[in-house]
Every structure is written in C-alpha cells, then in structure tokens.
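What follows is a set of notes on a single structure, which appears directly below.
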C-alpha cells in the first residue's frame, strides 16, 4: 500500500448497543478489561483520529456520553442487531466515511486503523471490511456515507447482516494475518480472562 494514499476524513462509530448475550446480558462496552471498561480502551485509541466520534448504545447513555461527541440509538426496540447501529451511525456521520469498530476489540492498534483508512482511500466509493482466516469481519469496516440509501434499502427489504449488505456493494478486503491478535473479540467472560495477561 502506498504511503501517499490520501486518508479519507472519517467519522468513527463504536458499536456498544448489543444485548450482550455472551456476557450474560451485561452492557459489553462497560465490562472491565485491565481495570477499565472496554469502551475506555477503544476511546483512547480512536479519539486522536477524529473530531466526530459516535457511540451506538441502547442503555447506560449517561456512562457512554463522556467518551463520544454524539450518541445514537437503534430506531427499533429489542436490540435489532449491529446493522441498526451502523445505519444510525451513517445517518449521524459528519464526514464522507464512517470507520466502524465493535467495542470488544481493545487490542486493535493505530497501525491497523491507519491501514483501514488508507485502504478505504484507494477505492473511496466502496465499503471496506477486514478479512482474515478466510472470513470477513463486517464490524471492522469503513463505509462511504453516500451508501446510506443502499443500507436503508437493504434494511427495508429485511436484510439484517452488515456483511451481506457490504458484499453486495462489492466491498474491498483488507487482509490481515491469520490469528491476528489485534482482532481478538473479547466478547465472553472466558475470553476477557484469557487475554488479561496481555496488555493492550
């Protein structure tokens, strides 16, 4: 990848609006890792990268508010899934692109975030998703905000998979190494515990 690729201006969306089933119903972004809520780790990584930091959350808004420029919520009740949060983020975004991250990837680093933006700039009209171990990571992506109508059309047609929506829009892949530790989803108590010996 060339170092002179322009980086698209990005709003950043942190997804923290899920039901937290794998965490026993806990609000996942507020679960602690290394003594701090997961959302704090993500905020520390991304805050210097944008002046438009959005958090998608459906509860505990007062606890998330200090870590975002704006909060968004799903437009339907009963936790309809991450595509609802992405749609809300696209509607709120002030920049041309929306970089999306789940709240349970505290080991992501600045180099990968830079690479995501740089790769998105190579074909700025297409969504970009991370890919590793022969599968996509649809919640680690960069989406042109101009594609909001396509996301809305897919939602209204009954689609609920962000990955399918983006693949249907000819998503680009940013390929990461197999078993890349930066992509570890710490979405169960067991995974949080197993990664507690490794700092972010």
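Including glycine, each Cβ sits where the backbone N, Cα and C put it.
If you look up Swiss-Prot, you'll see 15, 16, 17, 28, 74, 104 marked as GTP binding site. DSSP gives residue 17 (GTP binding site) a coil state; it is part of no helix or strand. Around residue 17 (GTP binding site), taking its Cβ as the centre, 28 other Cβ atoms fall within 10 Å, counting all chains.
Feature annotation from Swiss-Prot assigns Mg(2+) binding site to 104. DSSP assigns residue 104 (GTP binding site) to coil, not to a helix or a strand.
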Of all C-alpha pairs drawn from the GTP-binding set 15, 16, 17, 28, 74, 104, the farthest apart lie at a distance in Å of 19
Excluding its own, the Cβ atoms lying within 10 Å of the Cβ of residue 15 (GTP binding site) add up to 25
Counting across all protein chains, other CB atoms within 10 angstroms of the CB of residue 16 (GTP binding site) number 30
When the binding-site residues 74, 104 are compared by other Cβ atoms within 10 Å, fewest goes to 74
Across every protein chain in view, the count of C-beta atoms other than its own within 10 A of the C-beta of residue 28 (GTP binding site) is 25
